[in-house]
Amino acid sequence: MEFVATPARLSTTDAQFEHDFAQRLHWSADTDAAIEQRVADILADVQKRGDAAVLDYTARFDGLQAGSMQTLELRKEELKAAFDGLPAEQREALESAARRVRSYHEAQKKANGESWSYRDEDGTLLGQKVTPLDRVGIYVPGGKAAYPSSVLMNAIPAHVAGVEDIIMVVPTPQGVKNPLVLAAAYVAGVHRAFTIGGAQAVAALAYGTATIPKVDKITGPGNAYVASAKKRVFGLVGIDMIAGPSEILVLADGTTPPDWVAMDLFSQAEHDELAQSILLCPDAAYLDAVQREIDRLLPEMPRKAIIAKSLSDRGALILTRDMEEACALSNRIAPEHLEVSSRDPHRWEPLLKHAGAIFLGAYTSESLGDYCAGPNHVLPTSGTARFSSPLGVYDFQKRSSLIEVSEAGAQVLGKTAAVLAYGEGLQGHARAAEMRIKR
């Protein structure tokens, strides 16, 4: 069967551009009502029956019969054995990627993850105390796709932050375990791991069971059931984000080999039929060249059917007036991944405000960031980069304000606080402040 990828061809000078552009960007995060109800039922059941419910759903959805939760726990010896059993090339790649991810997040912690304080002239101390979360749960997708990189990107920042208990859950349909995922858990320093998935795994982490302790936060991607479950337990526990389909936006000045750019568009399109790949360029001939490379390269791709549908349904090659307009359009899109494929990317970087990650220069393939560059690949999607950030050390920390008012400071602050408290009609607040003022 022949597959054809036909991304929309748009121009910012077209009268219908705004309409067509909005149509191409539209994606609804609404979950099917049947999924929402099913997830609500699963959460309630796990909250009520604990381990027994988790075992039932694991048997029903994953075809994995287990007599007890203990048989679903992956022992550290098994994780190490998985690592030791990998080909040398895979072991080295995992360790290299883990080192880079760890180094980056250690630098991140040093830059903005430390406690700080200062003193006023009267001796009053003000500051902020940064402490790690006690326990986090990491959800790792299983089944047909296995993502060892997700283990590294979620567990290592938690480890660097100082989280003492990192619990990983990963579904293993029919009991099939992916050795790379297990090995990644070993390399990343996961403390406990369980072969469970779906809404039932989220429920177990959020509510706790006799076997799985309740966590403070749940991170990691999953299917519609996992996303719905995370939304429902938010507030009881923290979550990282609700991720939508993967996205890439390439800003090109026409100097990068067009086959490189075509393959970069493929790199996101192959994830999912709902993934979005967009190219912005002021050179119409270059857009033509990229389309020719898409046509030439597509038959070589194992996931050609998914790529073709993704590019045809949600992809776009957009002609802009100039690179400045391309940058402005990029800020409106606020993409998950933004490649600046230009001879002088630093010329354009100051104009770019909203993106999950910015990849500068023709040699900076987005896929390098996915696996081993060092920065986190868990990024905001669906335009949420306008107000959200990549997963980082800060997601596994919390901040407490520090206030130590000196006797001298209380004389000044007490008067100010009392005036404002009386103005709000809160006499207890006001008098508590006044009692510390010398008469």
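Cβ from N, Cα, C; glycine included.
Note: TrEMBL annotation is automatic and uncurated.
Substrate is bound by S246, Q268, H271, H337, E424, H429 in TrEMBL, and the record lists one more residue there from D165, D216, D370, which is D370.
The Cβ of N223 has fewer other Cβ atoms within 10 Å than any other of the binding-site residues N223, S246. In three-state terms derived from DSSP, H429 (substrate binding site) belongs to a helical segment. Counted within 10 Å of its Cβ, the other Cβ atoms near Y139 (NAD(+) binding site) come to 28, all protein chains included. Each residue contributes its Cα atom, and for D370 (substrate binding site) and Q200 (NAD(+) binding site) these two points are 28 Å apart. Cβ contacts within 10 Å of E424 (substrate binding site), excluding its own Cβ and spanning all protein chains shown: 9. Across the structure, N223 (NAD(+) binding site) and H271 (substrate binding site) place their CA atoms 13 angstrom apart.
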